[in-house]
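Notes for the one structure printed next.
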Amino acid sequence: MEDKPMTLFEHLEALRKVIIISVIAIVIGSIIAYNYVDYFLNILLQPVTALKMKLVFINVTEAFMTKLKIAIILGIILASPIILWQIWSFVAPGLKPAERKFILRMIPVIIILFVAGIVFAFFTVFQIATRFLLQFGGDIMSPMITIGKYISFALNFLIPFGLVFELPVVVYILAKLNIISHEFLVKNRKYALLVVFILAAALTPGPDVISQLLMAAPLLILYEVSIFIAKFIKPKEFSGERK
């Protein structure tokens, strides 16, 4: 006997429950994370402390708000298993068995690639770009950067790297759906090169060419990796009844 389809009101009520539980999880996670903010702040400040520099704050609430921002981000990370589970419980009933299996298989890959992108960026590109930019003034100018501006710069720099590292996943999905192919990616490599540099210019937080080049390099590598992956993918349509 098939389950009775949910009404619009029941869907909205289920969505409301997902949002409430997710928000509570984020609040609890943020409260816990606030105790460890200084530890993570010291990690983010490595490029600055390596140059014997100190950051400043220029209004009364800036230091507190910056720490609160970091705590909320860490809280979201801590709460992510609960958030993902809530989202999954909401969307899974409307998916086919094959779709559920595919998504469950891809979620760990997506998380690993996102984290790998941020870690790679922080220990390579971010360190190099930040030190270069801070020393760019030479003896003529001395940097006086606020903690709020620095953290915003760091987040705007690192998060796009996590996102662009998802390129192989995007290509895998599109190839599975027979939207693109290995031949298509090879044929359009020159256009991809142009798109990569446009994306690098759009995603980097500053206008400097160095940051854009450091962003473009891994993007180009990821595109080549995606071409390699697409070569071995056989298009497959999702099938199966929704249960």
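Sequential numbering from 1, following the chain as shown.
Cβ coordinates are placed from backbone N, Cα and C, and glycine is handled just like the others.
The structure displayed is predicted, hence computed values, not measured ones.
Taken from Swiss-Prot, the feature transmembrane segment covers 18-38, 70-90, 106-126, 132-152, 153-173, 191-211, 213-233, and the record attributes it to sequence analysis.
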Folded-back contacts onto the transmembrane segment (132-152), same chain, C-beta under 8 angstroms, at least six residues removed: 44-45, 47-48, 51, 53, 55-58, 62-63, 65-66, 69-70, 205-206, 208, 210-211
Long-range neighbours of the transmembrane segment (18-38), counting only residues six or more past its ends (CB under 8 A): 67-68, 70-72, 74-79, 82-83, 86-87, 89-90
Intrachain residues whose Cβ lies under 8 Å of the transmembrane segment (70-90), provided they are six or more past its termini: 14-15, 17-18, 21-22, 25-34, 36-37, 40-41, 44, 107, 151, 155
Distal contacts, the transmembrane segment (153-173) - CB-CB under 8 A, six or more residues away: 44, 73, 106, 109-110, 113-118, 120-122, 125-126, 129-130, 180, 185, 199, 203-206, 211, 215, 218-219, 222-223, 225-226, 229-230, 233
